[in-house]
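Noted in Swiss-Prot for the protein shown:
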BINDING   CYS224, CYS235, CYS238, CYS240  [2Fe-2S] cluster binding site
BINDING   CYS290, CYS293, CYS301, CYS304  [4Fe-4S] cluster binding site
COMPBIAS  1-14  compositional bias 'Polar residues'
REGION    1-20  region 'Disordered'
REGION    17-144  region 'N-terminal SAM-like domain'
REGION    145-214  region 'Linker'
REGION    153-179  region 'Disordered'
REGION    224-240  region 'Fe-S binding site A'
REGION    290-304  region 'Fe-S binding site B'
Amino acid sequence: MSPATVTIDTTPDFSNGGAPHSTLLLAPPAMAAQQDAMAAALTDAAPLGSRPELYMLDRLAAGLTNLAPAAYDLVLVLASGADPLLSRRDVFAKIADAMKPGAKLRSRDGSPLDAAIAKEAILAGLVESAEGAYEKPAEEVAAVPLKFLKKKNKGEGGGPVQSPAAATQPTAPAPAAAAKSLPNGVVMVDLNDDFDVSDDEMIDEDELMTEEDLMRPIQQPPECAPKPGKKRRACKDCTCGLAERLEAQDKARRDKADKQLQEKAATPFKLASEDLNELDFTVQGKTGSCGSCALGDAFRCADCPYIGLPAFKPGEEVTILNNVAQL
């Protein structure tokens, strides 16, 4: 006689009835050489029903590692202080997308996160909780009903109410498109309708001030008044007309100076004999007006005719041969 078939149930007798708790560990590049520290972090983050995963921040920033969207319930940062990779906005956006709604981000040791990291967490849409962690809020989609105004001037039969004067006049046939009833929620808009905005309400800005207003003297503010002993200047955002007035005065002063220079340029300038003898050092006892022409270029005036010549003694004859001074 063959034995009866025996069925063995391999399913666990006790089950928590929920998905395993996923934990994401983010380690800086400097922690790659510390194998013991990473093993301890994985051990601490692996309680009953937890599934920890360790990723390096440099590989995540370089795009060599991709995180699954909405896959982690807890994100632990193993960096103790400020980390430049974790402060990058593109890296933090990937971390925020990988968090489930209601997931939390905090440091492993429970210390507050760096200010730069906390700023990026808030910009990524996370909300700071009372424990110092940053939680991803759950998003809800809600429908907003739109309310439309009821049509006015309706009779009991649903037709428009006509005035007695309009009832005696023959009504024009309505267009075929307007005769059709519109479904609920559909509103017909006339593009030629100006929505009861009359042209009389438009104000011409040129008519705001009359000729009498323009002829009134400008009231100068006290802060624009010239201070004693100082030159009068206009403000950067001058509105009292002082800037235009000073600019006109400067233009008139420049035009006058240019005119005087043109008049002097048209008249040739001639030196008298006594002016030439004053600078002629071949004459014994004659010196220049400054008395420093013979000392060299360092002591000569800007318009001295001896610029470029070496120093010489007063009374010594100076000749130029082949562009070379001969003393």
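Glycine residues also receive a Cβ, built from the backbone N, Cα and C atoms like all the rest.
On the structure: features taken from Swiss-Prot.
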residue	record	DSSP (3 states)
CYS235	[2Fe-2S] cluster binding site	coil
CYS240	[2Fe-2S] cluster binding site	coil
CYS290	[4Fe-4S] cluster binding site	coil
CYS301	[4Fe-4S] cluster binding site	coil
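The two recorded residues CYS235 ([2Fe-2S] cluster binding site) and CYS304 ([4Fe-4S] cluster binding site) have their Cα atoms spaced 44 Å from each other.
Across the region 'N-terminal SAM-like domain' (17-144), the DSSP tally of helix, strand and coil residues reads 39 helix, 33 strand, 56 coil.
Taken together, the residues of the region 'N-terminal SAM-like domain' (17-144) have an average pLDDT of 81. Distances between the Cα of CYS238 ([2Fe-2S] cluster binding site) and those of the binding-site residues CYS290, CYS293, CYS301, CYS304 are shortest for CYS301. Nearest to CYS240 ([2Fe-2S] cluster binding site) in space, judged by Cα atoms and limited to the binding-site residues CYS290, CYS293, CYS301, CYS304, is CYS301. Its Cβ placed at the centre, CYS240 ([2Fe-2S] cluster binding site) has 15 other Cβ atoms within 10 Å.
The most densely surrounded of the binding-site residues CYS238, CYS293, CYS301, CYS304, judged by C-beta neighbours within 10 angstroms, is CYS293. Within its own chain, CYS290 ([4Fe-4S] cluster binding site) has ARG300, CYS301, CYS304 as residues 6 or more apart in sequence whose C-beta sits under 8 angstroms from its own. Around CYS235 ([2Fe-2S] cluster binding site), taking its Cβ as the centre, 12 other Cβ atoms fall within 10 Å, counting all chains.
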